[in-house]
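Encoded as structure tokens, the structure appears first; notes follow it.
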Amino acid sequence: MGMQLRSSYSRIHQNGSMIPPATSSTSLRSFAPAISLLFKNHSIQTKDVVLESSLGCSIGGPRRRREYGVVASSTSNVAAPFWDGWKPQKGPAAPSLSDVVWPSAGAFAAMAILGKMDQILAPRGISMTIAPLGAVSAVLFAAPSSPAALKYNMFMAQIGCAAIGVLAFSIFGAGWLARSAALAASIAFMIYTGATHPPAASLPLLFIDGAKLHHLNFWYALFPGATGCILLCLIQEMVLYLKDNFKF
């Protein structure tokens, strides 16, 4: 077969044409369909590359290519550069004035009502305006569609983390060990139950360091965190209604 191919090659160059003469060998004619298919595929791939360059997209889904022995994929999960986390998130458009006013008004009303309740409960040494409820207000009013704003996540985390804080204080007393153990246990609890609610992680620390809350003991699991969340949820429903029906 090698002699036949060399003979055909010499005939092609002697005739000065790439088209073999009619007297070409049978072996070369047997390669003709494969050679034709090869040139056809190369032509299609060339057209695809030109079309992808003009459109700026990939045809036929993601492609995998081998470069220097490493297989690269356009769909691989590549970590974003470090500095991307410091850039503001790009939104579809600037929020309307009503989308800013109503959540802010809801937060003002929530803290005003909680402050009035503080005045009523002051003789008993109880305060409703605790710092975690400020973080809850930000979640409910500014990001109502986030997972942290789900009612299950909020109440499960509020009650569970507060109880963990009381338990850690009862075992270790006030100090760094109680704070560390309570925070670690609270995060483990939220992950295990699937109730991720970041504001609740501060409840154990608040109880351990707040001497005026120690007399509540395990009632702290319900008051003031979970009780305050009930009020905030009611105000959130009003804020959502105003946002949907009174736009400006």
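Cβ coordinates come from backbone N, Cα and C, glycine included.
Taken straight from TrEMBL:
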type	residues	note
REGION	1-23	region 'Disordered'
DOMAIN	93-238	domain 'HPP transmembrane region'
TRANSMEM	121-143	transmembrane segment
TRANSMEM	155-174	transmembrane segment
TRANSMEM	181-198	transmembrane segment
TRANSMEM	218-242	transmembrane segment
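Note on the transmembrane segment (121-143): residues 103-104, 106-107, 110-111, 114-115, 149, 154, 197-200, 202-203, 206, 212, 215-216, 223-225, 227-229, 232-233, 236, 239 of its chain, located 6 or more positions outside it, place their CB under 8 angstroms from a CB of the stretch. Counting same-chain residues at least six beyond the ends of the transmembrane segment (155-174), those with a Cβ under 8 angstroms from any Cβ of the stretch are 181-182, 185-186, 189-190, 193, 195-197, 200-201, 203-209, 214, 217-218, 220-222, 225-226, 229.
Shown for the domain 'HPP transmembrane region' (93-238): DSSP residue counts in helix, strand and coil, namely 120 helix, 0 strand, 26 coil.
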